[in-house]
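Here the structure comes first, spelled out in structure tokens, and everything after it is commentary.
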Amino acid sequence: MKQSDLLFQKLWGAVNIVRGEVNSSEYLDLILHVLTIKVLNDNSDHPYAIPETAKWNNILIGQSIDNNLNRAVFSLQEENEDLSGVMAYDFKNVTRDESLHSLLRHMDRLNLTRSKLENPDPLRGTLAQAIDQFIERIADHEGKKGAEYHSPKEIGMLLAEILRPQQGTVYDGATGMGRFLIETAKQAPNYLQLYGQEINQRTWRLNQLNFILHSLYDTHIAMADTIREPQWVQDHHLKTFDYVLMNPPFGLKNWGQEVAETDPFGRFKYGVPSAVSGDIAFVLHALASLNTEGKAALVVPHGILFRSGSDQQIRKAMLEDGLVEAIISLPSNLFSSTGIPVAILVLNRNSRHPGQVQFINAKEGYQRERGRNRLREQDIKKIVEAYHEKKEVERYSQLIPLKEIQENDWILSVERYVEALSIETKIGEVFVNTKRYEASGLNLKELNQLCEPKPFRGMNPPKKGEEDEPNYHLINLVDVQDGNILFDQLKSVTVNSRRALRFEVRPGDVIIASRGTVLKVAVVPVTEMNLLATNNFIVARPKEELDPFYLKAFLESPLGIHYFTTRQHGTIAPVINSKDVGAIPIPLFELEEQQKIAQQIMKAEQDRKQTIEEANRRHQQQLQSLYRDMRIMEFVQQEETDV
């Protein structure tokens, strides 16, 4: 076992000592403060004066350990201006004095002198590795709360490798525990000036201790709201940096939209995000914080890549200005607090490939460990090589011209451009190459061209009591099974006739589920019912040149399924819009040929069902015969069934 792993286990032993005595949310604060005092005492290669009251042996003396520790952190702050406000932890009443005694005796037995360890490097060595493991384990233990201040180490390593700073300035506007800045400093061959901003006071104090424990004594981390009160300002302008890396908070709603309209720093020149799009506000802040040759690597949720409205306008403007260099889609469940997938958005003010954006689909590269997914060394290496060498690798990495992105409404979802994932179909698991299909020379027409009107979304279910008598039947998702509409369970509703006219479903229409992971398609048969589809369906009304059953067959084919899955947005309940459905290219054969294909597919499906039914009957008969041999059937009465 590595020495760093052994040291980590001993550090984790401190948690076991205070477990049950201290609230779990206090573990990190308590132990990290004690650990910092011990490390400063055991090492002399730091700029801090250690007053008598903060010397380790003096803290151990006496009965009132909590008072001793309070005097120690107070005197350290008094003697060292750089520590003012950093070690403002109150040990009083945190736990019983006996527990503090046990904790200090445990720490006293640890060898934390770097020069006596296997690897004395203060930033990359044995002690630093053990501390990194300890903080990550605590953050995992805290779950969602831990994720507020800590990002996985592997993501920090990946961002640092993407940026590869040689020297200069690096900024993180959502510093947390400082993981990204520390990883960047580890990988840089020369000195870096590290800057950051953190809104939470507790987290700011903890990141200061973390920097000290990694011998990074010259960091510049401000404490304030990054959007409302940016602290790094020069001559009334934002200070700009050579590199920016950041993991903004996901799903931030109260992000500061009220100050964006009149932002004195011009951060929102590409547009003001919506009130619920705090993540893209941080993207704009990062962009404004780059100097003329700067580069940023940002961890973002997928919503940034496809949301419409102001987000779409912001993406469009950044793309047209050549600022988006790459999008890297990562596996889901990398964070302890959420299973949502994330991407790396790379912005570059000095891109070597203007007019192109690189898309890398790295979703499948990970290892499952302790309940979540982790990027392995080989996964990071593969991403970094593809990015820096601008490799085009089938089903992994593609360089896409701006014109194609424009044709896709400025959507930056990686799956739209890199066909990496296999899909499960009726003929098994397959890969689909839509680019080859679209360039095949087949007579392809967008579904929009083959329908009148264009495919449209169904209506929002009406409220009860619009009129007395129900006049329509409503088709919900549960009413479509195995390609058939279950008419006997349709809900009757009352809808204003004029309103209903826009959403009426007619015989021959094809209804397509727009929500969820299961593709449901049905052709509306001839019926006397007045039908409406809910907004969970897209309705396609084929013109005479397109057979509805042929359209259904195509949509359920590997190509159709692929177009659907790559155009859906969202993770919990994926949704596809009518515009994307209308843009699906359909291979248009002569109508007679379409009908022949559709009939053969329906016959194949009918044969499959009959074969399954016959196999089930034979299986039942075999079991009954065996049960008779076992005399079990003497005690069993079967229900009579109609033959």
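For all residues, glycine too, the Cβ spot is worked out from N, Cα and C.
Please treat TrEMBL annotations as automatic predictions, because they have not gone through curation.
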Which range of 450-485, 594-629 is coiled coil, per TrEMBL: 594-629
Tertiary contacts of the coiled coil (594-629) (same chain, 6+ residues out, Cβ under 8 Å): 546-547, 549-550, 552-553, 588, 636
Secondary structure tally of the domain 'N6 adenine-specific DNA methyltransferase N-terminal' (9-101) (DSSP, helix then strand then coil): 60 helix, 2 strand, 31 coil
Mean predicted confidence [pLDDT] for the domain 'Type I restriction modification DNA specificity' (445-606): 92
